[in-house]
Amino acid sequence: MSLGPNGKVLCENRKLQGILDEESDHVLESLDTDFTTIEEGGSIVELKQNGANIPVTKDNRKEFVDLYVNYVFNESIRKPFEDFKKGFLRGFPARSWTMFLPAELQIILQGHTKCDWKLLQKNVIYRQYGMLDQTIKNFWTVFHELPEEKKKMFLGNVSGSNRIPGYGQENFTFAIEDPKVENPDVFYPSANTCFRILFLPRYSSKRILKKKLLYAIEHNETFLLP
């Protein structure tokens with residue numbers, strides 16, 4: 001028998017797996033385990049009626065593990081979840097929530113975890129720039145060479161979230177604007193997350209653009225406008 005991958009998240013995973021695998025009645029008795037568990041506050045919870053007086057044996061160990069796992073993942077969080085559900089429905093009292101599957105509701109609330117970066121480029125709006133300007137060409141060359149993690153960090157710096165909103169990427173866009181500063185090579189890119197605007201100076205080379213952009217991504221306070 002095996003707990004499977006979910007056993008890794010249990011605090012007593014090794015003990016539980018050992019109970020399932022143990023073939024010696026004597027060893028099981030020496031563990032002095034019964035059908036109870038201890039909550040974080042220290043109180044004892046019986047996993048079944050009169051559980052404190054039922055020792056775990058080879059004959060009932062599977063039942064013990066099943067009850068324990070059910071308590072950890074279901075019973076112990078039932079009240080906090082119900083409290084969360086009441087609060088959620090109080091803030092979002094739309095009955096239409098029930099029409100969504102859990103995965104669909106998660107996307108609506110949290111957004112999409114995957115991004116089509118080519119589509120993102122296609123949807124960008126340019127201000128004081130043309131899409132064929134060398135700075136813009138350099139920017140997208142550098143951007144598409146970035147690892148996925150850095151791209152998501154950039155998205156978070158520009159839009160306030162590293163995920164695409166649930167309404168879909170087809171309708172998601174941001175603007176790249178020339179801040180028209182003197183000596184652009186000394187400035188870093190900055191962003192207005194409320195309006196999804198990236199202020200990108202006209203750097204004199206791709207090398208400088210990459211250096212400034214990476215620094216801004218990795219030190220995101222640089223991105224924020226005062």
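Using the three backbone atoms N, Cα and C, a Cβ is placed for every residue, glycine included.
What TrEMBL annotates here:
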- Cys194: active site, glycyl thioester intermediate (ACT_SITE)
- 14-226: domain 'HECT' (DOMAIN)
Over the domain 'HECT' (14-226), what is the model's average pLDDT? 87
Using a 10 Å radius on the Cβ of Cys194 (active site, glycyl thioester intermediate), the other Cβ atoms enclosed count 9
